[in-house]
Structures are given as C-alpha cells and as structure tokens.
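Novice: Quick one: the structure is below, questions incoming.
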C-alpha cells in the first residue's frame, strides 16, 4: 500500500452519515483497519444481513455481534477491501431491513477470540469459538410467526433424539436451548440448520454451542419440554418456565400461523401450506407505461408468477396470480404503495382465487425468467421492498461503469455505481436518487442485454435512504 493511498484514507469521514461528531473524535477514528465497526444494528438484523452488506467488497473472516449495544464488528480479509467498503458507504447511506446503519473503522486492527474491549461477550466465527456440545443455543431472527416447542421439535428432531427444549426471551430476541442425547447429533443439526429459515423468508435460525452441560426443565408446556419425562407437571401459566435461562416469558405479539403444524423443508425453510389466496388485484397503474412483462419483472422478485391479466374495462387495473399465498402476501406487503411511472400502486387480494387461461391473460408459469426454482428457497432471504439501489448480475466480463450508466441512466439520476466479482462473476450495485427511478430501471431493464449478456436485476438490501 503506497503513502498516497494511506494519506487519502486516513482523511476519510468515517462516521458515515453522522456530521455531528467533533473534529477530535473523527481524528481518533480515522486509522484504517481490516475491522469495521457497525452501529445501530437492530435485533431484526442478522449476521447474514451484515455479511451481505460487505460481500461486494471482499471476504468477511470474522463477525462479532454485540446485541446488548446494537453493534457489530466485522473483519475483512484485506485492508484494501475494508477501505473500499468505507469509501463506498461515505457516499451511500447503508440501510438494512429499513434501518440506517453506520460504519466506521474499528480501533482494533484484528479481532481475537479474547475480549476486544468494545463490549462484546460473544464472537461467532465460521469455526465456532465454543467447543461442540450436545446443547445448542438457538436465536430466531425475523420472527414473523410464533415459534413454540412443538415447532422447534419438528425442525430439530430429524437430526437425532431431542431430549429437552427450553425457550425464552432475551435482548437478542427469541431464543431456545435444545439438548440432544448425543453430541454428534447436535453437531449435525448445527451444520445443517444454521442460517436456514423455519418458514420461507422468515424465522431465520442462528446457532452456537451452549456451555451448559444439562438443561433443567420443571414443566412441560408451550415454552419448555422434557421429552424424556412426560410425567412432569403441565405449565398452565403460558409463560417461560425457565427464568434462570431468560428474562421472563409472557406471550409474544406475533400473529398466529394459519397452517401451524404443516412443515416441510423447501430450500431455505420449512414452509406451511397455502390458504389459497394467490391472486392479487393491482390498481392505479399507468396503462401507457406498464404492461404484463414489466409487472412480471417487478413481482417475480417475490415469487413465481402464474398469469397476469389487465382488465379491459379498467386499463389501470391488473390481476396477477402467484404460485402460493405466501409469495402473494410477501409481494403485497413489499410493494403496496410503491411509486412507478408517477403512480402509487395499490395492491389487495382479489376476490377471484385464480386467473383462468384466456386470450387476454399472459401465462408465465413456465417462464425461464422465474427466479424461484426448486430448491431456491434461500432467495426469500434477499426479498426487500423497493430501494434506491439495485443489484445487477450476469454482467459481461468487460463491462464498465460507463456501460452500466448508459444502459440504465434513462430511468433516473444515478448517484453511485460499484462493480465487483463474486465467484468470478461480474456484478454491480447501482444507486439512483429515488426509489421510483430504481423501480423503473428494474421493471424496464431486468432480462435486457448488455453486450449480449442477459442481465438480472433485483433490489438491494444494501441501499441508501
């Protein structure tokens, strides 16, 4: 690294988006480091979300989640990669799951397994700091639906005999301790389930080994269960039976799952059955600008499309049928109220359960452009409402930022572009000055060609606001 490089980056404004820091505070934090300190990391933000934030810039080798302070530390493999990330985020406000996060270099040059002086009590690395144990500590992120002992037992029992389960609520969110009969079964479950979703698109599992040797279960109920002792008294209080493990129980304010009990592994999660409402009514469209293919490009972000039909007597209305209810509800929640071609889309469930094949209904059931193929449940993790930043993949090897701007610039002002490689494939993040411009670029240019390469576009969770 040459001196001019160091001089430039030692003078970066490192508290992204925070201009109220004093000059002295900034000076103390401007030493470049492989370790990036992330602030305002809410409980809804997972380790996987943070990794996605930095993945375009290089490999993250270590992660520390400091849940009690809503902070995290991430160590990059190379100093230059950490510097590139900070340089990019000085011009683009990173936003993860609707929350602005703030990046700066850490005062540490390396993360070690010992305490790092910044308040972390646990470091999770790819090889786990705690030794393998038959008891797993499980944290559930993005808990859209309630999780009970019965649900956890269905998810974890395929990997071995589960002796005991205790659930509780702590600062990190909903957690559970799961005790297997054999340590090798716990290891197998940890390897198979860490980072997976219980339901498609939500209830993500984060795991580490516990340092406990034996769980104490006093009641069998919704919050705790000893499967080796069915004669324990039944807990009638609907609260945590294990105050020593958590910080109190009580009911959680999550809506009940209509198909509780039907769990089958589908790629990224264990999906329940559909309630049958798969068809959406989309209104307040601009009929002169929007057509079936553009609606497909937008709504296929959230699931597979079966058919789309514009209504003859109401040209600003369209019916759109998705593969299942979960995908339809996900699309409606993410896109309702979004602005496209100067119009604010309104989306509700249609009174019609499906769209019958007809001459004026476009069929997409077998489209090669569908994004959710068999075994691709992991795609749900990347679903997000429209953002100002789009992710462009399948780019040609020789593409330049100028090429990308020329291809997408007609849809709005582009404020930033970043080309990077993942597994040797060229990709880019492109930031517009508004969500509407980014949305227009996606609906018009997804599956279009740059130098013969058919590009794919999606909204990025790494976005500015």
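Here the Cβ of each residue, glycine as well, is placed from N, Cα and C on the backbone.
Curation plays no part in TrEMBL annotations; they are all automatic predictions.
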Novice: Quick test of your reading of TrEMBL: among 165-193, 194-222, 223-251, where does it put region 'Disordered'?
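Specialist: Of the candidate stretches, TrEMBL labels 223-251 as region 'Disordered'.
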Novice: Per DSSP, what is the helix/strand/coil residue tally across the domain 'RRM' (34-108)?
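Specialist: Its residues fall into 27 helix, 26 strand, 22 coil.
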Novice: Can you break down the domain 'RRM' (278-352) into helix, strand and coil residue counts using DSSP?
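Specialist: Split into helix, strand and coil, the domain 'RRM' (278-352) gives 19 helix, 24 strand, 32 coil.
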